Amino acid sequence: MLRRLLERPCTLALLVGSQLAVMMYLSLGGFRSLSALFGRDQGPTFDYSHPRDVYSNLSHLPGAPVAAGASPAEALPFCPERSPFLVGPVSVSFSPVPSLAEIVERNPRVEPGGRYRPAGCEARSRTAIIVPHRAREHHLRLLLYHLHPFLQRQQLAYGIYVIHQAGNGMFNRAKLLNVGVREALRDEEWDCLFLHDVDLLPENDHNLYVCDPRGPRHVAVAMNKFGYSLPYPQYFGGVSALTPDQYLKMNGFPNEYWGWGGEDDDIATRVRLAGMKISRPPTSVGHYKMVKHRGDKGNEENPHRFDLLVRTQNSWTQDGMNSLTYQLLAKELGPLYTNITADIGTDPRGPRAPSGPRYPPGSSQAFRQEMLQRRPPARPGPLPTANHTAPHGSH
């Protein structure tokens with residue numbers, strides 16, 4: 001009887017339909033969970049149509065700042081977890097470009113080397129902002145103008161490091177960040193390292209420049225370049241935050257990506273291979289505007305990036321902080337930042353003409369081309385047991 005019932009077409013259709021319904025229900029729930037996991041939830045609501053001036057509330061900050069390295073006469077209470085001076089969305093303007101003298105005048109509390117400590121309370125985080133740089137003076141001034149008041153309202157102890165690549169060779173963003181991390185950690189035991197592109201300006205001071213002890217944070221989740229959304233789940237570009245331990249656990253960033261493209265995906269793969277997970281602020285908080293610019297000479301598209309990405313699983317323990325070499329040419333304490341100039345060498349592979357049409361790096365056409373050429377990441381194997389601690393000593 002049961003056998004004949006199961007053999008009827010209508011019964012089989014009913015069973016198959018029930019299974020599909022259950023699978024769809026579970027899948028929808030799974031996608032909702034993944035959405036929350038990757039930070040695509042909108043989070044709190046902010047009105048970006050009425051931003052505040054980026055220098056709002058600075059006059060309300062208490063007292064004179066504590067000079068870097070100085071000890072207060074008596075123990076101070078910790079600053080609140082969320083500063084009362086935050087204003088939410090702030091206006092970001094690219095014109096006119098302020099002079100360095102104007103920025104210094106607007107930020108009298110900033111100490112030499114771009115250092116700041118809040119007065120009246122002990123900062124909960126000591127954050128080093130590390131900016132790779134070459135031939136982007138206007139972008140750098142815009143970043144300094146917006147970032148200093150932004151960070152002061154968050155009541156952080158911070159320092160800004162600008163890492164300048166000497167010479168005219170191909171630009172290497174990731175290697176410059178490794179240089180900046182090493183030099184910054186020689187100055188102070190920073191709690192948090194913010195790796196920050198020079199052309200990205202934050203639009204919401206609720207986007208706190210602090211690290212997540214659970215794992216690396218990707219902070220620039222909603223750029224105007226991508227329509228204020230995450231371009232793909234593994235994206236780790238623009239602005240990211242790691243504790244020194246997290247940075248060393250993944251052996252820092254790769255040194256072999258000369259030119260534009262590829263290093264962000266290598267870094268995201270390193271996070272996974274080191275047994276960590278990426279966290280993100282809500283989309284409504286992690287807003288950034290990118291300063292418009294043309295393609296940079298010396299930062300052309302990297303034709304080797306896909307070959308390098310295929311090897312990341314096997315190369316990440318050998319290419320990074322433990323293989324970093326450079327010559328420190330200058331380390332100067334300017335009024336708004338610590339300037340580090342380094343000779344990081346040149347691409348040993350030399351130039352190679354990329355296949356297909358060439359678009360300006362960072363353009364929408366270049367991004368689409370990269371998505372079409374992107375190879376699927378290799379499956380992660382067992383984690384290596386190598387010692388990931390960067391050696392101390394010579395460069």
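Just so you know, the numbers here start at 1 and follow the chain as drawn.
Including glycine, each Cβ sits where the backbone N, Cα and C put it.
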Which candidate, C121, C211, does Swiss-Prot give as the disulfide partner of C192?
-> C211
Cβ atoms near E263 (N-acetyl-D-glucosamine binding site) (within 10 Å, other residues, all chains) | 26
Please work out the number of neighbouring Cβ atoms within 10 Å of the Cβ of C121 (disulfide bond), leaving out its own Cβ.
-> 17
Three-state secondary structure of N339 (N-linked glycosylation site) from DSSP?
-> strand
Rounded distance in angstrom between the Cα atoms of P132 (UDP-alpha-D-galactose binding site) and D265 (N-acetyl-D-glucosamine binding site) | 18
